[in-house]
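Written out below as structure tokens is the structure these notes cover.
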Amino acid sequence: IGALRWHFLLQSLEDLQKNLSQLGSCLLVIQGEYEALLRDHIQKWNITQVTLDAEMEPFYKEMEANIRRLGEELGFEVLSLVGHSLYDTKRILELNSGTPPLTYKRFLHILSLLGDPEVPVRNLTAEDFQRCRPPDPGLAECYRVPLPVDLKIPLESISPWRGGETEGLQRLEQHLTDQGWVASFTKPRTIPNSLLPSTTGLSPYFSMGCLSVRTFFYRLSNIYAQAKHHSLPPVSLQGQLLWREFFYTVASATPNFTKMAGNPICLQISWYEDAERLHKWKTAQTGFPWIDAIMTQLRQEGWIHHLARHAVACFLTRGDLWISWEEGMKVFEELLLDADYSINAGNWMWLSASAFFHQYTRIFCPVRFGKRTDPEGQYIRKYLPILKNFSSKYIYEPWTASEEEQKQAGCIIGQDYPFPMVNHKEASDHNLQLMKQVREEQHR
């Protein structure tokens, strides 16, 4: 993971330590290989129970299995609870067994049979910690939350988004105060290039475990119950939580979910391998200001709007460059604060039309898409200041400005900012034919 997410994680742990200390407890952070550490500390500290989230990703499923084996060997209990998702994905898959692959419609039907998710566990209070023996102060210092400098993380790479439960709860309360906005929220109508997030911006806090997704679900339910009318899944705020759940469920049952090869739900496509083009996309040098502004915001802040993610993902894959979604997924995994195994891979398969999404003729234009919601180009001016002096007429296509107008703007295209790396019309038409061909062959 990249530096921004490391900072967010360490801030989250610092916040957790602070909140626990106010309850008379503390957080001990032990670094190293988990099996060796458990063997050492189980005996050293006389530990009788190890708890963890019920895991869905392959790496953590294997870790949980190893910890259970260790528990049998060393005599400690392992308590695994569903905490990161709304439902137990295993239960959903059991109800879907014997049917074709899980579709979103079928998924919603199964959830209707299960009813609402479990109510979130109450918050801990000081009374819960009264029976705990206060730790040796020296122990707390020995196992403190590491500082960025301890992990050699560059200090200049700090996102404006701050990690931790305290910040996450403030954001949650701030959004829930506007009950009209909550009730009428529809995902497609939010603005990808607003200078402040037009969605809740809570995803990094759910991803890192700072906020309970069930708390959010039930707070929304209470607001919906008081509203005369409210939006519904899949476009409502609760609908966004259900999409998250859908990807978790499918990922937990799909081998090689983060790869194309050996992935039974993914189209097998001969993508181009082009390191130079991939690098230009990753470093905001495509020559399309809307795409480059998004990739700049991603690198600087670690967050971009979901429609902005759609734009850059389509551009990299089936829209313009015909480069594998796996490459884009790796870049997002490094740079996003809310990077998530299941959701990241699921969305990249979706946006490259490799799985889930089949209306592959819909291609996002790297000029018109952004211009529709931000005709003045304020978003581009913020994240690509080299272009800030271009008029609104040219801000999305500065290469169309005359040489004199480029000089007046203080930016010569091809010198201060690159020409477009592809002709969008030609590239997208060509890629559309490739995609048709791939799908017809694999359908046969």
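First residue shown is number 1, and so on along the chain.
Each residue, glycine too, has its Cβ placed from N, Cα and C.
Annotated in TrEMBL:
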{"type": "BINDING", "residues": "199-203, 240-247, 338-340", "note": "FAD binding site"}
{"type": "DOMAIN", "residues": "1-86", "note": "domain 'Photolyase/cryptochrome alpha/beta'"}
{"type": "SITE", "residues": "Trp271", "note": "site 'Electron transfer via tryptophanyl radical'"}
{"type": "SITE", "residues": "Trp325", "note": "site 'Electron transfer via tryptophanyl radical'"}
{"type": "SITE", "residues": "Trp348", "note": "site 'Electron transfer via tryptophanyl radical'"}
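Here the domain 'Photolyase/cryptochrome alpha/beta' (1-86) has a mean pLDDT of 93 out of 100. Nearest neighbour of Trp271 (site 'Electron transfer via tryptophanyl radical') by Cα distance, taken over the binding-site residues Ser203, Glu245, Phe247: Phe247.
Shown for the domain 'Photolyase/cryptochrome alpha/beta' (1-86): DSSP residue counts in helix, strand and coil, namely 48 helix, 10 strand, 28 coil. Ranking the binding-site residues Thr199, Leu241, Glu245, Phe247 by Cα distance from Trp348 (site 'Electron transfer via tryptophanyl radical') puts Phe247 first. Between the C-alpha atoms of Gly201 (FAD binding site) and Trp325 (site 'Electron transfer via tryptophanyl radical'), the distance comes to 24 Å. Look at the recorded positions Trp243, Phe247, Trp325, Trp348 and count other Cβ atoms within 10 Å of each Cβ; Trp243 has the fewest.
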